[in-house]
Amino acid sequence: MSAKKPVVLLILDGYGYSERTKYNAVYAAQTPVYDNLWKTCPNTLIDTSGMAVGLPAGQMGNSEVGHTTIGAGRVVYQSFTRINKSISDGDFFTNPEYVKAIDSAIANDRAVHILGLLSEGGVHSHQDHLYAMINMAVERGAKQVYLHAFLDGRDTPPRSAEASLQKAQDVFAKLGTGRVASIVGRYFALDRDNRWDRVKTAYDVMVTGEAEFDALTAVDGLKAAYERGENDEFVKATVICGEDEEVATINDGDSVIFMNFRPDRAREITRALIDENFTGFDRGETHPAIAHFVQTTEYASDIKAPIAFPPEDLSNSFGEYIAGLGKTQLRIAETEKYAHVTFFFNGGNEVVYPGEDRILVPSPKVATYDLQPEMSAPEVTDKLVEAIESGKYDAIICNYANCDMVGHSGLFDAAVKAVEAVDVALGRVLAAVKKVDGEALITADHGNVEEMFDEETGQPHTQHSTLPVPFIFVSSRKGKLASGGSLADVAPTILALMDLPQPKEMTGRNLITLEG
């Protein structure tokens, strides 16, 4: 069998485009490979945020949405948008899974525990959804309603949780029932890399009421964390309990409703709470028999718990479609973005298609990635170059995590190093592509590293941007890329390069016109 000449899609996570040079790590970095590509190869800018990717207008994109949209080849109305609509039209308040969980607690005089990232970020959750759930639980008659608030500071400014916690306190005060029971930073509660020591911290504060710190109110607890030098993301577990109140923990027979809608960072804490065969850490004697645990969306196919908003069918995604045509494909990324090039790219589907290989390169075990901005890019590149030169694959999808993961630190110098590490990787990968006469498309799922400081807040800009991202065609063939595209147009463009017809389910458009 003759060697295949692959089409390689390189997703440079968090690598946005900005004309503004100030606080722009892409501009500050030494990027000879990228600079040459931008000068000599067909290129354009594409949208990754708002309505272009099925999000509310003006809402920044994120890795889940970006990879889902790329793989689907169409605009996919995201969970955020679906839940917003259900709240506005009232369906949220009659959602059968939420109703069952709340009514069970009421009937059995048990508590309703609401978990989630309390944030305006809109990436993993939105605080308005948590406030709506508090209202729903109390208005249905629940007498014990507790919010376990995970704090953001990553998809929001580093110290922005006070307004969110104050509003939660105000909502409870107005309803006359319930309170915030604990706070903890997302660094602990929403890990996705099997760092179970972190997850245990969040588990313990909710289940055993054990934590290093306590406070009378959530805002007091946050202020104490700031005094200790902790930003929202890193706030240590704090029990919130007034002078005349008992510590509110998750107990046998209680209902737990997890309001995060993005799956990847919700899985570990969910497994710790409900998995009978859990081995991540010793849960001790106190592990509760939760009567009802509700996932707002499906966190994983093997998590057996009711789902309030089940996944919508995304048939004929890129991976499924080319597998059906007998083509071979590879997905490759380091741990932090592996789910994105597999689960999310396949439309929220865990299946591995015929002819689909996967390579997972472990992310480095460091506390934060600014300590190692190159992350595992060299190792990913080693494996990717080998795969390109193997002649086995028709299509290869690769994610480089650096610019997003280091961009979230808000540390400019580290972000510059991340950009430079990706540029070195690009040079090696494109040399391999050229060697086998393959083709490459280079893009990003959203911006981040091109906007590292927020002059409005006076704080580092740790969240994603709403700026466009590059889309570059690298080939021995000549061509032109159309303007005005979005991530929904990436898969149709790859199919055109592979000389494959576009399935009717893909409503994105091919952006490339080949010459000659």
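Including glycine, each Cβ sits where the backbone N, Cα and C put it.
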Residue among His113, His124, His126, His292 sharing the substrate site, where Swiss-Prot lists Arg154, Asp155, Arg186, Arg192, Arg262, Pro263, Asp264, Arg265, Lys337 as binders: His124
Select one of Asp13, Asp394, Asp499: the residue that Swiss-Prot places in the Mn(2+) 2 site alongside Ser63, Asp445, His446. Asp13
Residues close to Mn(2+) 1 site centre defined by Asp404, His408, His464, Cβ within 8 Å: Asp13, Gly14, Asn62, Ser63, Arg154, Asp155, Cys403, Met405, Gly407, His446, Asn448, Val449, Thr462, Gln463
Roughly how many Å lie between the Cα atoms of Pro263 (substrate binding site) and His446 (Mn(2+) 2 binding site), rounded to a whole value? 18
Can you tell me the CA-to-CA distance separating His408 (Mn(2+) 1 binding site) and Asp445 (Mn(2+) 2 binding site), as a whole number of Å? 15
For Asp404 (Mn(2+) 1 binding site), the nonlocal same-chain Cβ neighbours (under 8 Å, six or more residues apart) come out as Asp13, Gly14, Ser63, Lys337, Asp445, His446, Asn448, Val449, His464
Non-site residues, in chain order, whose CB comes within 8 A of the mean position of the CB atoms of Asp13, Ser63, Asp445, His446 at Mn(2+) 2: Ile11, Gly14, Thr48, Gly61, Asn62, Gly66, His67, Lys337, His340, Asn399, Asp404, Ala444, Asn448, His464
Asp13, Asp155, Asp445: which of these binding-site residues has the sparsest Cβ neighbourhood within 10 Å? Asp155
Among Arg192, His464, which are binding-site residues, the residue with the most C-beta atoms within 10 angstroms of its C-beta: His464
Reduced DSSP assignment, Ser63 (Mn(2+) 2 binding site): helix
